[in-house]
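Inspection log for the structure reproduced underneath, given as structure tokens.
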């Protein structure tokens, strides 16, 4: 029971966080939190418009995120609030619900229900520690989605920026852009506000970046000033709007303004969760959940790496879930980590997640004391702010070229994702690109060809210990070792270096992508085809009665008079095999049976190098790969066994481990009581403090590939010297 409670316990807990809080951090947290609050206020109102909600809903959402993140969050630099992409997705869901259920639900009800349900799902994912699922989502589909979403946002804000009316901004981005171009004649005074605001923001960004580079001593100051450019711009254009429109009614203003904003939490209360609305919203939530998680975890990890601390994905998802559950009670909608606000928080010198409380205070102040000022904010200025903010999310040409250099296939998936999202819809785009990414992964696993390896003896210069002595003439020594390269020479190795098989009739096979049911058929066909082409049958196959032959049987040519060797052993490089399924084991058994018939009456040895997974060893042991088949009446004891030994620092623990290994292997039923007793007795090597690295009763499972090849080579040479062997018969 205690273990179960500890499994769900969150660390650090609220009690521990408050108890360990260093009050010297308070100044840094307060300054950073208040600074972020100034940045978040205009962003929250602007992004709420993307969600087709009044601006004050953005303030409610950001307040919920800032006030609750510190309870579960593990990153000091994260700010949970409204985001451009998340708001766009919420707006699309609201539009779809209005289309399917016209005049049934309000936008606030839809947004609140969506936020509450996504919050429940997110909290459950974090509670059950499923944060690792974020690693399953490929990077390329998310990158394509964010780029397409950013372009979509800019297209939807273009009519607002120019003051053009009558454009349906919920259509596909290319249709919105075309419609805007057709209605350029309807441009109003809003264009002067919007365009100058956009230019001012870009200019401020450029100037402050130059000042940061030229004055490193004041880099932090210029960085914070650059982050506050959004706030300064909104204050400037709000002042201009006030001077122009202060004596005019809302419907008589010279350009569109935000208008009336409710003071305080007027929409606070229990969310109205209607079953029918939940049924409509839930099918549209997966894409929002994916984007919320990926965006948040990516931001948290990036700042964690930058500042040298680790974040717990599951706890971060719990923090997201908490904010999204609490939000609807205050009037908020779906929220996640905001990169822009988080960057400001990081640059402002934040010390702990408690800084969010100060940001929440600023939002509270704005809701109760500044709503009258927000009345005069020009909508065109907010559109310019949105376009400026999301333009940084579009993948740069250098990033796109990097995709091309790293993986051309994934580059084409990215391009396809952007095009599909822009012309058919964001949801379709991310689903298609995710499917293509998984398909590419499956193809790479299932169709990556295996390699037959050969041995190359390399020499490397190893500095001698005597090199430190001024009296030593020997500065370095040459160490020789064997490495294994592809016989096909399709890798990056030097083609002038000869690669040869270690011994006639010994084949080394490497699985580049592991072994599983997806690729086992291709690998085993490659293996058998190579054996048939590069070895000969030991004896001529007896003629078969034509009446019993199948129509698909091909005549087998006996190669006894050729110089091809007889198959002696197959060495499998298992360094990439971490588990093995039933299909793969059965395929391996079928290959063994086929090759035994090919080499009959001689038997093939199978050596597995680097197979360390206990369950994989169990599986192969269960089908007899742990024992050598007899050859010419000679039993397993006739074969040379190569056993790696190492010194043990704790003999008692070693004995306990050996006994545990014996107990595990005895479950298979392949050991006799005599063998168990023998393995428990001390050998001369054990008396010297040497212990086997792996169990000694599995001589064909080796620590690495070189040991496996050495054992196969020793056994092949020993069998050739045995009277009656195939080599001796040929010489006679």
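Cβ coordinates come from backbone N, Cα and C, glycine included.
Per TrEMBL, the feature compositional bias 'Low complexity' maps to 672-686.
Computed over the domain 'STAS' (504-627), the whole-number mean pLDDT of the model equals 84. Annotation source TrEMBL lists domain 'STAS' at 504-627.
The region 'Disordered' annotation in TrEMBL covers 653-698.
Taken from TrEMBL, the feature transmembrane segment applies to 31-50 (among others).
Annotation source TrEMBL lists transmembrane segment at 110-132 (among others).
Non-local neighbours of the transmembrane segment (144-168) in the same chain are 50, 84-85, 88-89, 174-177, 179-180, 183-184, 186-191, 194-195, 198, 255-256, 291, 295, 379-380, 382-384, 386-387, 390-391, 393-395, 413-418, 421-422, 426, 429-430, 433; each lies 6+ residues outside the stretch with a CB under 8 Å from one of its CB atoms. Per TrEMBL, the feature transmembrane segment maps to 144-168 (among others).
According to TrEMBL, the feature transmembrane segment maps to 189-209 (among others).
Taking Cβ pairs closer than 8 Å, the transmembrane segment (221-244) reaches residues 35, 38-39, 41-43, 193, 197, 200-201, 204-205, 208-209, 211-212, 215, 253-255, 257, 343-344, 347-348, 373-374, 376-378, 381-382, 384-385, 388-389 in its own chain, all 6 or more past its ends. Per TrEMBL, transmembrane segment is recorded for 221-244 (among others).
Residues or ranges marked as transmembrane segment by TrEMBL: 355-377 (among others).
For 411-443 (among others), the entry in TrEMBL reads transmembrane segment.
Comparing 110-132, 189-209, 355-377, 411-443 for CB pairs under 8 angstroms to the transmembrane segment (31-50), the maximum falls on 355-377. Under DSSP, residues within the domain 'STAS' (504-627) fall into helix, strand and coil as 45 helix, 19 strand, 60 coil.
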